[in-house]
Amino acid sequence: MAFLKVNNLKVYYPIRGGFFRRVVAHVKAVDDISFELNQGETYGLVGESGCGKTTTGRTIMGLIKATSGEVLFENQDLLKMNRRDFNQHRKDIQMIFQDPYSSLNPRKRVLDIVAEPLRNFERLSPAEEKKKVQFYLEKVGLNPEAIYNYPHEFSGGQRQRIGIARALTLKPKLIIADEPVSALDVSVQAQVLNFMQDIQKEFNLTYLFISHDLGIIQHMCDRIGIMYRGQFVEEGTSRDIYTNPQHIYTKRLISAIPDINPENRENQMKLRQEINSEYKNSYDKYFNAEGKVYNLKPISDTHLVALP
Amino acid sequence: MKAELTDQKQPKVKKQKKQHGVLSIMWREIVKDKLALGALILLGLILIIVYGVSLLLDQDKIVTVDFLSIYSPPSAEHWLGTDYGGRDILGQLIIGAKNSFTIGLCITLLTGLIGLTVGLIAGYFGGRTDNIIMRIIDFFLILPTLMLIIVFVTIAPKYNVFYFILIMSLFLWTGKARLIRSKTLAERELDYVSASKTLGTPDWKIIIREVLPNLSSIIIVNLTLNLAGNIGIESGLTYLGFGLPESTPSLGTLVSYATNPDVLENKWWIWLPASLLILVMMLCINYIGQALKRAADARQRLG
Amino acid sequence: MLKFILRRILVMIPQLFILSILIFLLAKAMPGDALTGQLASNPKMDAQTLHELKQKLGMYDPYYVQYARWIKGLLHGNLGMSIIHQTPVTSLIAGKMWNTVLLGAAVLILSYLIAIPLGIIGGRWTDTWADKMIVGYNYLTYATPLFIFALLMLFIFGFVLGWFPTSGSVDIRVENGTFAYYMSKLNHLILPALSGAIVSTTVTIQYLRNEIIDTKIKDFVKTARAKGVSESKVYTRHIFRNSLLPIAAFLGYDIVSLIGGSVFLESIYGYPGIGQLFLTSIMQRDFSVVTALVMISGLATLIGTLLSDIILSAVDPRIRIE
Ligand SMILES: Nc1ncnc2c1ncn2[C@@H]1O[C@H](COP(=O)(O)OP(=O)(O)O)[C@@H](O)[C@H]1O
Ligand SMILES: [Mg+2]
């Protein structure tokens, strides 16, 4: 039984135009994707900017209305639930936002920020609440005495930790992390990522990890789905993707990961150029007449590729 | 790993509790600006005198006609002279100022309440709700407001102060609603609103507890500037004879004596003090509002 | 662009329709019509003749019939009869309209004549004493209500100094059409127009000043300077041209605020125009005149806003999206 199963999800944004501002076309931000997450794993969603990753995450979260499809969480369709039932499930799915600045209300103290979900779902005395908030702040590596401070007094990495503490208070099972470190300094990114892995073990979390950076995904994820213009081009375990990429788009993404070792730079440049020319030459092989990708086909137990 | 965490710079726990409220920030800004502080003190003095003295004043005595001292110029007995009914101008000035300010304040608060509610709802929910509300507001924009207020005042069956406040508010909420809506529209795109949604906070709570506090400085600035404007509009309408009913004299009532050219030309003590008082009050309130605005803008720029 | 204008005009139609219904209902709701008012003052009028007169005027017809008749009249340029003056409303209004248009135009021209130089001086020589004076002037005129300002102007220049006439639009003793007649008209116009203009300069000055301050530091200006273009040429060629254009867009909104302003100006200066006609009509319960005036003002407001929206959208295409 899958923990989270997304079936044929489509999210279209209407484009209005013409004289009467009628809907004249759609942006197919997410165009028929299916994938599933197993409990305890980290699933990576990768693709260039604008390919629909955020839309996917936010639709699962219920922040964006899906056009069609199913999101089965523990076998119940979140998209068909009424508000009240959905709110109960809210506790199980939480989100870490990309921008640590705008995702914390500047007018609220850390205590009020972290306690917000508790106040919605649990009735705690102020003392209990404070204890709980301090507990989670300590878990994310912040000074528990800082509860009366305001967000602007913290650095980006620390703010992201506050956001994580807030998500943790409801003891969620699934966390959707939308580019959680891309707004942070490179020096802080690794810290936050490591720490996310630590709490994953401690709280037995499942991650849907969204990023445009395959390097980060490689570091974090068990399985990976590659998105291109709202669709999947390839899915597999980290190993499948990194050692045996099949789709030209995946290959391109991998070749674009910067190599830390300077000696390999030249090699990499060459590889990149090769792949780029292959991308141009064999475009027809990977994309159909409309420029869309083909349906996913299994090439092993774990590995799916969109090939004709 | 833990070692890395602890050596990050973390804010020291504050020894004395630092003030973060919008009001206290604005207060600091005003105190820094000497002219604004002066305006605030002057306005405060005027209000204390007006409200204090009007408590002590015998209103009946002021409105009683005294034919023995018609149009008497300022004297020891009547510091600002008397009007055509021999009534004391100074007394009327104080009562008028009290009424003008109180009513201006009521209109400001009522339009604030309506504009805030409508603007927040339109901006937060967007879509169709917003569309309908904006069409209504667009309609209000094309109305010849002043004329319609006058017409409404004329056709009111039982005309009184509350009715006047209602009519004024009916026409004056739209600007605020537009302002609040556009700010809310921008605010709701920020992730903290999305975060609140994912944390299970109901919409009304997000609007009131999350979005509203972030608009507070804009709201305070806007209300202050509106207060000045509303006192002006009220006294202007009263001047034309379509404002406060006679039972509730305002500063505009005293100014309206100047429609008689003889009073305007020869009996300055009747209309000039009221005119100057309106002017001074509006200058003070506006100056305070502008200073608050500068403070709010500067803070926004800093982030 | 054309699409934007068309859509904008299309939106106007339902607005006009609702406005007309609103005004019609208001007219019906006005207490005591002019005829009933004559009952007391006119000895020839008794209840019977009143009733017959009302019947003849269709005042007992169902509302929608009356509304349809009124709209039909409106479309034919027939605004009904003034019951007080016993003349068609159209001719009554036409007689006063030109005075108001004249006053309005004078206010607008004077206000631009004052505002544009001040805005330019403030923007070009920011933070000099002249600029500080302008900022102070701006702040004063912004905070001052029109009716107080106009009254003070009238008191000082009309009565105390006696420089200008204190009432009317022309000296009735001079013969119509002569040079003296036009001079007298001008003389009567200056004070009210100046009062209206001075309090309406704020927005223009502020906008212009800010615009110039912003444009000054833009790249194309810096490039021009770097090329050795003289400072005054930088201003006339590059900065003013960019900053003055949007000012035109305020024209429509200015017209809108003039409508309210004319009521005060005309009442204070005893200037026989639309605003004064409105006030006397409403006091005499001459409601066919009142409704016609409100309708015309609504139309003028509508056109004024339309004008500004269109100019603005021509100047700044971003606005069209909304
Ligand atoms: N509210 C919206 N209205 C219209 N189009 C949108 C909206 N939000 C996102 N899009 C479009 O949907 C596509 C996917 O966006 P997004 O999910 O944010 O991509 P990613 O997170 O992968 O960068 C983009 O082409 C974007 O322009
Ligand atoms: Mg994204």
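Yeah, the Cβs are placed from backbone N, Cα and C, and that goes for glycine too.
Small disclaimer: the values here were computed from a predicted structure and weren't measured.
Noted in TrEMBL for the protein shown:
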TRANSMEM  B:35-57  transmembrane segment
DOMAIN    B:97-289  domain 'ABC transmembrane type-1'
TRANSMEM  B:101-124  transmembrane segment
TRANSMEM  B:136-155  transmembrane segment
TRANSMEM  B:161-179  transmembrane segment
TRANSMEM  B:211-233  transmembrane segment
TRANSMEM  B:268-289  transmembrane segment
Intrachain residues whose Cβ lies under 8 Å of the transmembrane segment (B:161-179), provided they are six or more past its termini:
103, 106-107, 110-112, 114-116, 118-119, 122, 133, 137, 140-141, 143, 145, 148-149, 152-153, 218, 222, 226, 230, 233-234, 243-245, 248
Cβ-Cβ under 8 Å with the transmembrane segment (B:35-57): same-chain residues at least 6 beyond its ends:
29, 91, 94-95, 97-98, 101, 277, 280-281, 283-285, 287-288, 290-291
Which bits of the chain, at least 6 residues beyond where the transmembrane segment (B:211-233) starts or stops, bring a Cβ under 8 A of a Cβ in it?
22-23, 25-26, 100-101, 104-105, 107-109, 111-112, 116, 120, 124, 168, 172, 176, 179-180, 183-184, 187-188, 193, 278, 281-282, 285-286, 288-290, 292-293, 295-296, 299
Should anything in the same chain at least six residues away from the transmembrane segment (B:268-289) have a Cβ under 8 Å from its Cβ atoms, list it; otherwise answer none.
30, 35-36, 39-40, 42-43, 46, 71, 73-74, 80-81, 83, 89-90, 93, 96-97, 100-101, 221, 224-225, 227-228, 231-232, 235, 251-252, 254-258
